[in-house]
Amino acid sequence: MPNSLTGGQVPPLTLDTVGLVDRSPGNAGTPSSAPVLEEGEMDPWALPQLKDTGQSWKELSVAGRVLWVVTGFLKACGLLGNLYLFICSLDILSSAFQLLSGKMTGDIFKDNVVLSNPVAGLVIGVLVTVLVQSSSTSSSIVVSMVASKLLTVQACVPIIMGVNVGTSITSTLVSMAQSGDRDEFRRAFGGSAVHGIFNWLTVLILLPLESATALLERLSALALGAGSLRPGGRAPDILKVLTKPLTQLIVQLDTDRIASSATGNATNSSLIKRWCGTREVMTSGNSSGCGSTGSGPCPDSNSSTVLQQLPCHHLFVGTALTDLAVGFILLAASLLLLCTCLMLIVKLLNSVLRGRVAQAVRKVINADFPSPLGWLSGYLAVLVGAGLTFVLQSSSVFTAAIVPLMGVGVIGLERAYPLFLGSNVGTTTTALLAALASPADMLLSALQVALIHFFFNVAGILLWYVVPILRLPIPLAKRFGDLTAKYRWVAVAYLLLSFLLLPLAAFGLSLAGSTVLAAVGGPLVGLGLLITLISVLQRHRPAWLPRRLRSWAWLPLWLHSLEPWDRLVSRCCPCRVCSPPRAAAKEAHCYENPEVLASQQL
């Protein structure tokens, strides 16, 4: 038999013959593979072509067409049902975090000495938003404190910046559910990271600028002076109307008590609601003993009615459990429901968005205007993201819905980036309308806080989107996505460091005073900037550096490589999720086959 190594009649084995690469026009890829570029290289960030193995509509019989329609209808119902439960689980998760943090969330705001430090204010905004999982709750606390003269507008600006950063944790948590597939996780985590990176970069520029010039505070004051805003506007409540019938059967919270603890009017009662309204009850005879009934305030002597409190109707009303115990129960249940719904949504999306359907959906979402107006497509995406967030009244829900679509390859990172930016703006317009519905004594304070939040996000768009070369969050997010696709534990490390450990460390240093914070944090920030500068020069201008600094090879391995850390994590956590993904069976066979090695330049 002719040998492929000696050039016989049998063609040499190639990557195509072992099935590693599919170059056919109709099947250019699979859900876990990316399109092939020139010279055999693969672009992991290119949208994959989902393979459609089913028959076309013309090839189906009548019974097959009926079955196809019924199956599609059931999949659509399942997708909408899981999406509804997913949104409800986010609401319950927010309630769980509020119960776990309790009135401690409001107590964090009480120390005005700490809040006078801009860095401490930023960290507090991040931590509180992470604790309550709601930027609206955090903003309402700030508004209450400003209206009560417990917090100045200047001190609330860093807190609002921290609130904007903390709200991006939801999309990062959602992306973790797609860690089972390497390429899906790369796209999903990169999409969630681009949101957080944008917020952090905006803070790094605007926080020092605000501390030096009070730009946002002055701009919001000018807008309030120039505008003729009248109270009475109300924010839309579409999403709450849909989710309240289910979530209020599980738990109802009195979130005003969190703000009361910050303004000094806190009580020791539970955050779980027991009474949900009053009604008038007709009485007869003398009402002198009405106080012993405990059903509400006593009427006047000439009145024939009393106000009777109506009990709430939810799962935990009148429970003997503490808020902490109920919070842990709701946390476990909401996380289980959230992960289950998210996995089902991803599987249904993979099933529905196949072949021509996937191409049509991608074409609509990722479409650009014809030249020379192609640059308008991104700004239209910003408006779409702002409008949808305004309608949903929740930026967390919108971003959490975009991340799974990115994972399955429907939305590209370049298109998701302006959608996230629009979502940031949309949630502030909702806050503006909500501020208009505030009481008269809180109206100006609420409007100024909402305007500061609005101008902060608009300034971020001007910094990191208007000029294409300055869209740094996109390449940085791709680097994060590639890194987490190889080392999945990096995603957990990023989550803990960005939203918990580093903010807690900065908060602890701020308690020791501004001098200690500057003495410890200043050199660390300077060292980080120096390392970043040297790394950029090593990649693009190595000749500008001394010969020793042109690489990090002179450092110990654990300081310039993640391999030692990965081995340590693999030993401590020998599960499939923590370890790097192994090569696919076909890829492993290709690299182990000597005939392929001899015939291909791998």
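Each residue, glycine too, has its Cβ placed from N, Cα and C.
What TrEMBL annotates here:
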- 66-93: transmembrane segment (TRANSMEM)
- 114-132: transmembrane segment (TRANSMEM)
- 152-176: transmembrane segment (TRANSMEM)
- 188-209: transmembrane segment (TRANSMEM)
- 324-346: transmembrane segment (TRANSMEM)
- 372-391: transmembrane segment (TRANSMEM)
- 397-413: transmembrane segment (TRANSMEM)
- 420-440: transmembrane segment (TRANSMEM)
- 446-467: transmembrane segment (TRANSMEM)
- 487-509: transmembrane segment (TRANSMEM)
- 515-537: transmembrane segment (TRANSMEM)
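Residues 57, 60, 133, 170, 239, 242-243, 246-247, 250-251, 330-331, 333-335, 337-338, 341-342, 344-345, 348-349, 351-352, 394, 396-397, 400-401 of the same chain lie 6 or more positions beyond the ends of the transmembrane segment (66-93) yet place their CB under 8 Å from a CB of it. As a quick check, the transmembrane segment (372-391) and the transmembrane segment (420-440) clear the bar of 3 or more Cβ pairs under 8 A, pairs 6 or more apart, so the two touch. By the Cβ criterion (distance under 8 Å, sequence gap of 6 or more), the transmembrane segment (487-509) is counted as touching the transmembrane segment (152-176), at least 3 such pairs being found. With respect to Cβ pairs under 8 Å, the transmembrane segment (152-176) is most closely packed against 114-132, considering the stretches 114-132, 188-209, 324-346, 397-413, 420-440. Contact between the transmembrane segment (420-440) and the transmembrane segment (188-209) is supported: at least 3 Cβ pairs lie under 8 Å, counting only residues 6 or more apart in sequence. Same-chain residues lying 6 or more positions outside the transmembrane segment (114-132) and placing a CB less than 8 Å from one of its CB atoms are 94, 97-98, 100-101, 104-105, 108, 138, 141, 151, 155-167, 169, 203, 207, 210-211, 258, 499-500, 503-504, 506-507, 510-511, 514, 517, 521. Beyond the ends of the transmembrane segment (397-413), by six or more residues, the same chain brings 31, 45, 47-48, 50, 83, 86-87, 90, 168, 170-171, 174-175, 177-178, 181, 184-185, 187-188, 190-192, 194-195, 239, 342, 345-346, 349-350, 353, 358, 361-362, 365-366, 385, 388-389, 419-420, 423, 426, 474, 477-478 to within a C-beta distance below 8 angstroms of the stretch.
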